[in-house]
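Engineer: Just lifted these from Swiss-Prot, have a look:
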type	residues	note
ACT_SITE	Lys161	active site, charge relay system
ACT_SITE	Glu249	active site, proton acceptor
ACT_SITE	Cys283	active site, nucleophile
ACT_SITE	Glu457	active site, charge relay system
BINDING	Val243, Lys450, Gly453	K(+) 2 binding site
MOD_RES	Cys283	cysteine sulfenic acid (-SOH)
Amino acid sequence: MRAQPAASHFVDGRPLEDETGAPIPVIYPATGEEIARLHEATPAVIEAALASGARAQAAWAAMRPVERARILRRASDLIRAHNEELSLLETLDTGKPLQETLVADWASGADALEFFAGLAPVVTGETVPLGQDFVYTIREPLGLCVGIGAWNYPSQIACWKAAPALALGNAMVFKPSEVTPLGALKLAEILIEAGLPPGLFNVVQGRGAVGASLVTDSRVAKVSLTGSVPTGRRVYAAAAEGVRHVTMELGGKSPLIVFDDADLESAIGAAMLGNFYSAGQICSNGTRVFVQKGIKEAFLARLAERADAIRMGDPLDPEVQMGPLVSQAQLEKVLAYIEKARAEGGRLVCGGEASVSPGCYVQPTVFADVTDAMTLAREEVFGPVMAVLDFETEEEAIARANATDFGLAAGVFTADLTRAHRVVAQLQAGTCWINAYNLTPVEAPFGGVKLSGVGRENGRAAVQHYTQVKSVYVGMGPVDAPY
């Protein structure tokens, strides 16, 4: 099989196999070909990963931050040097076209490692003067962390979680999605090649039961999950039993508001990026596109032209712009949402069908005349299906944009920057864009509010989620006791 790794797991600095675990077939979604076969982590594999991580963490935390930074920077350089082959593997694992994976996946992971390498040596505490006494604070690592990844950006997510954890002196056991398990193994190999001591980044494969075993282990201090809201609820509850630190980056049903003074081509381009990039399988997608009534029909006409011109096909073809969904199960789910939208009265503007057999393809799809009550406007589809809703006033757009249990992201397109800032100040979302969409530089915090999650990834804000503060009171005089 063309993408078979050396072993299913990577523990304590080397590949580890245990073929008694349940098989995990890895399917290339463009063709249905089985490209690798892994095995689920057994209790022995899980124990080895947790034990080696706990054992290695103390010495790593004691290392000078600048030395930790050098290792992470070398890992970043190695990723960039091997970006082409890593991107090819990402395409086979996910079905995303090379046109995307070459610029968006491992490249973002390398950025994260480099950014947190630079941040590690400058994370400091503070001094609080109290007369002749004083208090100083120390930012300390949490200890052993568990990362649980999603299948849509498997390698990027692994890097986004590993980079701050390792830079700040923690160890991590990472469980990728069983749907896209290959990239995390490569990251583990790269980190060892860069000089990371064994045990600090371990990878174990498996489904929900493996994740549950990791999350509930008494040695684990922190859990970081990227996934769906139902999965997040379960993991959050399990982590709470041990009063563990958590970061949850969950689902979204994000609004993209287009006012009638917006640059139409830019707004349409953003709506397409926010619905069709990665075949629509992005948590922050702006899947509720609110368009002011005066420009709605012009917006839809031009959108249909551009959507129909998207090149679909073999993800390994560098000219292809959109690949398949990640799996047959996801394809069936998305097609069911399309049929539901038809049944509930949505006006199909373009797409709406499965495409390019035998892979898991669906056409870029746009529904107009969508109302807030329709399923398409309320539930996360996670496929290339855009809902276009119209509005009249700014106040109406804000109220309807916020009328959701999600709060991951939002976007505003307008030529009036005063209005843009006024609107985003009222949007209930963790990440907002003005005249742009779905750009997530590692220098900026990323995360949601409401059911879209807690905590933040990336930026300086991530430091708070992988460290804890110790306060030290220093008495400079005799103790004055009343007895």
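Positions of Cβ are set from backbone N, Cα and C atoms, glycine also.
Structural setting of the listed features?
Structural biologist: Note: Lys161 (active site, charge relay system) has non-local neighbours Cys145, Gly147, Gly149, Met172, Phe174, Ser224, Thr226, Glu457, i.e. same-chain residues 6+ apart with C-beta under 8 A of its own C-beta.
If you draw a 10 Å sphere around the CB of Glu249 (active site, proton acceptor), it holds 27 other CB atoms from the protein chains shown.
In this structure, Cys283 (active site, nucleophile) belongs to neither helix nor strand by DSSP; it is coil. Within 10 Å of the C-beta of Cys283 (active site, nucleophile) there are 24 other C-beta atoms, taking all protein chains into account.
The Cβ of Val243 (K(+) 2 binding site) lies under 8 Å from the Cβ of no residue that is in the same chain and 6 or more residues away along the sequence.
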Engineer: Hey, how far is Lys450 (K(+) 2 binding site) from Cys283 (active site, nucleophile), Cα to Cα, in Å?
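Structural biologist: Cys283 (active site, nucleophile) has its Cα 14 Å from the Cα of Lys450 (K(+) 2 binding site).
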Engineer: Between Gly453 (K(+) 2 binding site) and Cys283 (active site, nucleophile), what is the CA-CA distance rounded to a whole number of Å?
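Structural biologist: Just about 11 Å between their Cα atoms.
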Engineer: Please report the distance from the Cα of Glu249 (active site, proton acceptor) to the Cα of Cys283 (active site, nucleophile), rounded to the nearest angstrom.
Structural biologist: 9
Engineer: Reduce the DSSP letter at Val243 (K(+) 2 binding site) to three states and note it down.
Structural biologist: coil
